[in-house]
Amino acid sequence: MAEGERQPPPDSSEETPPAAQNFVIPKKEIHTVPDMGKWKRSQAYADYIGFILTLNEGVKGKKLSFEYKVSEAVEKLLALLDTLDRWIDETPPVDQPSRFGNKAYRTWYAKLDEEAEGLVAAVVPAHLAAAVPEVAVYLKESVGNSTRIDYGTGHEAAFAAFLCCLCKIGVLRVDDQIAIVFKVFNRYLEVMRKLQKTYRMEPAGSQGVWGLDDFQFLPFIWGSSQLIDHPFLEPRHFVDEKAVNENHKDYMFLECILFITEMKTGPFAEHSNQLWNISAVPSWSKVNQGLIRMYKAECLEKFPVIQHFKFGSLLPIHPVTSG
């Protein structure tokens, strides 16, 4: 149960600015299936899941239109995402025989690869400039794979890790929690959906109809938390087209459902069987708890996803330190 888990604040290092910290370029540490034990015992895993759960608690019962603080750091992150969006417009798909995986994506990605540190430097204050190369790696990892032209939950996790790192160095703070999900992550989703559509990206490691979604997972977790104790919307309503059309602008979960129905044809129960099953769960709190368990089992504990995760000084591979 999410409420019962310890939830370290996302900016637990705020009291001690990491000026003297030795930042490093993150690298892969999970090379074989037996290495997964190292990941599950790591400080990185504890901090990552703690971050996800803290945000889950922060958005509980709140609409996207809820009033919350938007800090300068959040505004700068939105400007960064606007830049990525603009680059898509400047890099149209090329004519090619294959329907999927448009090669223009590689041109778009090469620009990000080149500019990532500059983009992150514009978000991070000058006294934390040493952190930029480390943090920028997670941004580059969060937009898909340029070799395979695919995108999946591992890339989404890299963006959450990027935000977690910004919290750990104090760029984002406790009172940014709601804006992190409703503003920054929501804008990230818009840009990723545009990438997926424009370049016909393949789903990375998709489980087909048996997976939750081809591309995302976190907006279903945070989106179900938003709907906890809703006066009239119940899980059974998200398969109702009218309910989705009338409420998707307020709830991430319903926005995800709308995107799926736009992208897929045929009966919902056939193309999205897992979600169809979830619509039978009686309450949003049960949906939320079940999705957190499923995220751990299907994403965070799966070697094909975690083998690509990178570890540095902010999200370290060493075992959890008590205290």
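Positions of Cβ are set from backbone N, Cα and C atoms, glycine also.
Swiss-Prot lists 1-21 with the feature region 'Disordered'.
Annotation source Swiss-Prot lists N-acetylalanine at Ala2, citing similarity to another entry.
According to DSSP, Gly154 (ATP binding site) is assigned to a helical segment. The ATP binding site annotation in Swiss-Prot covers Arg148, Thr153, Gly154, Pro304, Gln307, His308.
Neighbour density for Asp214 (Mg(2+) binding site): within 10 A of its CB lie 23 other CB atoms from the protein chains shown. Summarising the annotation, Swiss-Prot assigns Mg(2+) binding site to Gly208, Asp214.
Shown are the binding-site residues Gly154, Pro304; of these, the residue with the fewest other Cβ atoms within 10 Å is Pro304. Among the listed binding-site residues, namely Arg148, His308, the Cβ with the most fellow Cβ atoms inside 10 Å is that of His308. Counting in whole angstrom, Arg148 (ATP binding site) lies 15 from Asp214 (Mg(2+) binding site) by their C-alpha atoms. As a whole number, the greatest separation of Cα atoms within the ATP-binding residue list Arg148, Thr153, Gly154, Pro304, Gln307, His308 is 16 Å. For Gln307 (ATP binding site), the same-chain residues lying six or more positions away in sequence with a CB closer than 8 A to its CB are Lys28, Ile30, His31. The local packing around Thr153 (ATP binding site), expressed as other Cβ atoms within 10 Å of its Cβ over all shown chains, amounts to 25.
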